[in-house]
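Structure first, commentary second.
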Amino acid sequence: MKAFYGILIIFILISMIHLSQQVFINATCTLTSQCRPKCLEAIGRPNSKCINRKCKCYP
């Protein structure tokens, strides 16, 4: 059972590090497809979402 909790803590820490790599750029949007070219230009990858009318880029 101790191993399970250890693995769970490691998983949570890795998830937190991964989520902290998200980048909000100062670009307005209404659809996620509008963010793709902007994120490609900003960080070099088209992985993105439109959240609260702001583009969020993922590495």
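The backbone N, Cα and C atoms fix where each Cβ goes, and this holds for glycine too.
These features come from Swiss-Prot:
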SIGNAL    1-22  signal peptide
DISULFID  C29-C50  disulfide bond
DISULFID  C35-C55  disulfide bond
DISULFID  C39-C57  disulfide bond
SITE      K49  site 'Basic residue of the functional dyad'
SITE      Y58  site 'Aromatic residue of the functional dyad'
**Study point:** Set of same-chain residues at least 6 away whose C-beta sits under 8 angstroms from C29 (disulfide bond)
**Key:** C35, K38, C50, R53, K54, C55
Exercise for review: Check each residue in the chain of K49 (site 'Basic residue of the functional dyad') that is at least six apart in sequence and keep those whose C-beta is under 8 Å from its C-beta; list them in sequence order.
Suggested key: T32, C35, C55, K56, Y58
**Study point:** Three-class DSSP secondary structure - C39 (disulfide bond)
**Key:** helix
Practice item. Would you identify the secondary structure of Y58 (site 'Aromatic residue of the functional dyad') according to DSSP, in three states? Key: coil
Check your understanding: Going along the chain, which residues six or more apart from C39 (disulfide bond) have their CB under 8 A from its CB?
Key -> I25, R45, P46, N47, S48, C55, C57, Y58
Study note, to complete from the structure: For C29 (disulfide bond), the three-state DSSP class is coil
Review point. What residue among the disulfide-bonded residues C50, C57 has the most other CB atoms lying within 10 A of its CB?
Key: C57
**Study point:** DSSP-derived structure type at C50 (disulfide bond), helix or strand or else coil
**Key:** strand
Practice item. Report, as a single number, how many Cβ atoms besides its own are within 10 Å of the Cβ of C35 (disulfide bond). Key: 25
